[in-house]
C-alpha cells in the first residue's frame, strides 16, 4: 500500500483529492463553524433582551465608554450585573482593547497569528516525519532513519523557538492589555476627584485599588492566554480537518463535531457560575488586603492603643471568610473537573481511538499482507493518530472556552464596573457645570459667595440650611462651631468634593473644584512621596511651575515656617515618605509653606495649624494677611479672632449666624449671642458655648484685663550635651542575611505537617494518586501497543474488547486527575493558612507590625508579602511538589520498564542525558529568583501608591493633586511594565533552550532507542505474529521512553521553577526573620524598665534616641505621682511624641531606668494602669460601641462592666449596663447625637474615619480614655481639633475620674490642669522640668 504521506503523489491519491475538493472545503467550513459555535454558544445563551448595544471596537476608548453608559447612565452597575449578567462586560473590554491596541498591538497580534500558523504547519510536518521514523525503525533502515532524525531534530528546535516566541508574544500582549486598561481607568479615576468620590461619596465600589492592581493584570493575563489557546485550536482544526479529508472520509469530522458539541452541551448544563465565584473571591481578597494596608497606615496609633489583639481578630475573620469561599470554589472545580475530564479528555480519547483505528479495519487504509505494507500502515497510524488527536484537542479547547470565558467575566464585570462608574462620576462634574452655568449656578468672580446653599452629607444628613454669605477679596472669614457641625463639609461643597444640592455659589476660577485662585490647606496634612522641593510646590510638578523655585526661595519659604533645618537633614534630590519622617506639627508647617509659595487670592485654612504653638499660628495668620491673601479659616482657637473681620457660626443642626467685627467694640456681647437662635438641642447648646468662648476671648484681647494666671519654677534641667560622646546604640532588630538553603529549611519546618493531621493525609493521598496515575499511564502505553498489534493482525474482536477496557481506564483517569489537581490546590490553600498564621503570630505581637514599617532600615512591604506574595508562593510550591513527586515516581517505574526492554544501555543513555541537560540549563539560566522578587516588589509599590491615594483622598482632592498623584502612580506603573518586559525577554531566550532540552530533544533519543531495539529484535520477520510483537514493543517502548524523558524533562524544568520560587521565598522569609528578631529582642530591650509601680511613673537618666540615632532628650529624669499631672511642651519635632513612644515600649529604653504602671489593657477599668490616646486619631472597624471600648471586644467590655458596676447579672443585663455606661460617656464628650444619627444605634457599622470629623474622632479617643479609666492617661495632642471649651470639659471629666495626665499640647488653656511642665528645648537633647503654680490676682 502506498504511503499515506505520499498519497497525493500517486494516481490514486490525485484521483481521491480531485474527487473530494468540495468535501474538503465543506469539512473545513464545518470545523470552523462548529468551533465558532462552541466558542460563542455561552455568549448567545447569556444575552438578554434588554442588553444595551455593544461597541464595534473601532472607536476610541472615550466613545466606547460613552456608548456603554449612555443607555443607562444612572442605573447602578450592580443592578445591571444581576439583570444582564453574561459576558457583556467581557465583550465591552475586548472591544476597547481592540480599538486601543495601536500599531504595535496589532503587530503583536499578527505576529502571534503567524507564529501559531507556522507552529501548526511545523507540527504537521513533524507528525509526518515521525511516521516515517516509525516505518524506518520497523524496517531497520538505518541510513534513512539517520536522515529523518536529522530533519526531526531541526524541526524540534524550530518548534521550541516558536513555542517560546508564542509565550513571549502572549506575555507582551498581556502587558499591553494591562497598560491599556490601566491607562483608561487612570484617565477617569484621577479626573475631577473621582478617586475621592468613588469611595467617599458614591459608595458603589469598594477597594478600587484591588481592581486596578489585581483584577486588571489577572484579566489581561488570562485573556491573552485564551487568545493563544483558541488561535491554536482554530488553526489546528482547519489544517487537520483538511488533512483528514485529503485521505479519509469527511464523516470522521462530523463524528468528532457531534461528540464535542454533545459533550460540551452536557458540561455547560453542569457548570457552576465560575464568573460569580471568581468575582466574589477577588472581593474577599480585596477586603483582606485592605485590612493589612489599614494596619500599615495606622500602625503607630494601633501600637499606642495596644490594639494588636483586636486588629488580629478582624484580620483573622476576613482571612477565614476568604479561605471558606476558596474551599467552596475548589470543591466546585473538583466535581466539575471530573465530569469535564471524563467527557472531553478521557472518554474522548477512547472515541478518538475508535476513529483512528476504524479506517484501518474496514477502510481503504487497511494494510496488505506484505511486510512493506504493514510498515506503511504503522507510518499511517502514527500520522493519522496525530491528526485525530489534534482535532479532538482543538475542538475540545474551543468547547471549554466557555468555562474560561465565564471565569474571565468575573474579572471583566469588576473592571467594567470601575470604568463605568469612574466615567460617570468624572462626567458628572462636566455635565453639571455646563448644564448649570447657564442658570448662573457656578460662576467666576473675585469673591466667594454662598446664596441659599444647603450642605448635605452623602448619607443624607443636613448640616447647613440656606446659607447666604459673601466674602470679598481682602476680607477674612472665621468659621466656628462644634465638631461635626459642617465646617469642613461646607468646603467640600465649595471644592466640588460633594455635590451642591441647592443654592448658588460664586467663586474665582472655572469649574466646580478648587483651583489656583483658591488654595486649601487641609485638616489632615498630606505629604506626597518625593523630594523636599516637591512638597513645597505640590500639587505642581517641576514642568508646571510658572516661576521656578530656586534654592534661595526654598530657604526663605522654610525659614518662614521654622523648618530650614530640613535642608541639612535631607539631601535635595532624595525621595522621602515625608508622612513617616515628620511630626504632625512639622507637616502642618510644611503645608503653610506651600501656601506661601502659591500665593492664592483666597486661602482656606481648615484647622491646619492645630498642632503648632499659638504664637506660631498667629505669626502665620499675619504673614498670610500681609501677603494679600484673604483667609477663610476654620479654627477652635479664639486668638485668631483678631485676624478676621467676619465670623460664621454653625450649630450642627442646620442653623447658622454671621457676625461682623466692628473696630470700636468687641465682637459680640453675651446678649447678642443668646439672641442669635434659641437653643433647643444639645448640638445648638454646644454652638452657643463655642460662640461665648470666642466672644470672651475677644473681650480679653481687647481690654487685656487679665494677667497670666500661672508661673513656673525650674526644678531640673538636662546636663550639657557633649556631642563628641558616642550615643548608645538604638537596639533595632538585628537580622543576618541567611542563605537560601537555610530559608528553605525554615519554610519546610513550617509547612511539613505530621502524618496524623489533615494536611499530612492530603500529602499521603497525593502520593497515592501519583502512583495510581503512573500505573494507569503504563496501562495506557501498553494498550496503545496492543491496539497497534491487533490492527496489524486485523483482530477486530480483540480490539472491541480493548475498547471496553479503555472506557474503564477513562473512568479511573477522570477521577484521579481532577482529584490530584484538587488536592494540589488544597495543599496550596493549607500552606497559605499555615504560613499566614505563622507570620501573623509574630507580626501582631509586641508591636512587631510597627517595627516592620518604622524600624526595619530597608523597606519591607509586609502588607504585600502577607497577601499577594504569600498566595503566589504557596501556589507555586504546591505545583512544585507535584512537579517533583510525579516525575520521580514516573522515573522509578518507567526506568524499570525501560530496563526490561532495552537493558542497562538504554537506562545509561537516559541518565546521562538527564545529567548533561541539567548541567547545561544551570549554566545558561538567568537569576530568575532576584528578577521575580523585584517584580513582586514593584507590584507592591504600585499597589501601595493606590492604597495611599485612597487613604489620603480628601486631602489630595482639596489640593487638586489628582494630576500630581497620577504622575507618581504612572511612574511606578511604567517601572513595573519595563521590568516585566525585560523579564519576558529573558524568559524567551531561556525558554527556547529549556523547551528544546526538556521536551523536544528527548523525542529524538526515544527514536534512537527504538531503532536500537528493532535492530536487536529476534525472530522471523516474515511472520505476522513476530511483526505484531515488534510493532507492539516499538509502540510500547516509545511510550515508556517518552514517559521517562517527560519525567526527566519535568525534573530539569524544576530548576527554573525553583529559581523563580526563590524570589518569593526570600521575600517571605526576610519578613519572617525580621519578625523573629523583633520578638527575640523584646526582653533584652526592656531590661532597664520596671513595671512594678501603680502609683508612680518616673524617668531616671533615660536617653530618648530615635531609630536614626538622633538624641531628642539627654538623661531625662522626672517623676510623676498620682494626682500631679505633667505637661510636655516644646517646638514641633523636639521629641514630645518620642518620649511617649519610649513610655509605651514602642521604642526601647536605650539607657537609664523607667518605672511605670502596667500596660496590660485588661488591668484597666478600676483606676489602675496606663492608657494612651495618640496624636493621630484611629477609628477601628466595627460598631459605634466598638469605637469606645477599643481595643476590647464586646464580650470583654461586658465582663468588665459587669465586674465593676454589678454582680452576677446575666449577659443580657451586662450588655444593657455597658450600653448605659457608654451613653454617659458619649454625653461627657458631647457625641450622644451619634446614637440618633443612624438607625442602628450602638450597632451601627460604617466607615467612621470618613463619617466623623477630626474633632469628633478626637473626642471618641477621649471617650475611650473615660471608658478604660486608667490611673495615668497619656494624651499626645489628642484634643487640638476640638474647641477650647470642649477641651477643658474633657480634661475636667478625666480629672474628676482620678486620671493623672501626661499631656503633649501647644494650648495654654490646658496649663491649669497640670502641676509639672517638661519643656523640650530644641530637639537636640536639652530639656527643662518646671513646676506649675497657679496664681490669683
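Note that Cβ sites are derived from N, Cα and C of the backbone, with glycine treated the same way.
Sequence annotations record features per position, and here Swiss-Prot assigns ATP binding site to 481-488, 1130-1137. The domain 'ABC transmembrane type-1 1' annotation in Swiss-Prot covers 117-395 and rests on sequence analysis. Per Swiss-Prot, domain 'ABC transporter 1' is recorded for 448-695, and the stated evidence type is sequence analysis. Annotation source Swiss-Prot lists domain 'ABC transmembrane type-1 2' at 751-1049. Residues or ranges marked as domain 'ABC transporter 2' by Swiss-Prot on the basis of sequence analysis: 1091-1337. According to Swiss-Prot, the transmembrane segment annotation covers 24-44, 142-162, 247-267, 342-362, 900-920.
Features as recorded by Swiss-Prot, highlighted on the structure.
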| residue | record | Cβ contacts under 8 Å, 6 or more apart |
| --- | --- | --- |
| 483 | ATP binding site | 1253, 1254, 1255, 1256, 1258, 1259, 1281, 1282, 1283, 1286 |
| 487 | ATP binding site | 479, 480, 481, 606, 634, 650, 1253 |
| 1130 | ATP binding site | 1136, 1319, 1320, 1321, 1323, 1327 |
| 1132 | ATP binding site | 583, 584, 585, 586, 588, 589, 611, 612 |
| 1134 | ATP binding site | 1112, 1320, 1321, 1322, 1323 |
Handout entry: Contact set, same chain, for the transmembrane segment (342-362): CB under 8 Å, 6 or more residues outside the stretch
Key = 248-249, 252, 255-256, 259-260, 263-264, 266-267, 377, 380-381, 384-385, 388-389, 392, 396, 399-400, 787, 791, 794, 796, 799, 803, 806-807, 809-811, 813-814, 817
Fill in the blank from the handout: Outside the transmembrane segment (142-162), at least 6 residues beyond either end, the same-chain residues with a Cβ under 8 Å of its Cβ set are 115, 118-119, 122-123, 125-126, 129-130, 132-133, 136, 991-993, 995-996, 999-1001, 1003-1004, 1007-1008, 1011, 1015
Fill in the blank from the handout: Given the transmembrane segment (900-920), its same-chain partners at Cβ distance under 8 Å and 6+ residues beyond its ends are 993, 997-998, 1001-1002, 1005, 1008-1009, 1012-1013, 1033, 1036-1037, 1040-1041, 1044-1045, 1048, 1051-1052, 1055
Practice task
Tally every other Cβ atom lying within 10 Å of the Cβ atom of residue 485 (ATP binding site).
Solution key: 29
Practice task
Could you tally the C-beta atoms, other than its own, that fall within 10 angstroms of the C-beta of residue 481 (ATP binding site)?
Solution key: 27
Exercise for the section: Kindly assign residue 481 (ATP binding site) to one of the three DSSP-derived states: helix, strand or coil. Expected result: coil
Completion exercise
Around the Cβ of residue 1136 (ATP binding site), other Cβ atoms found within 10 Å total 27
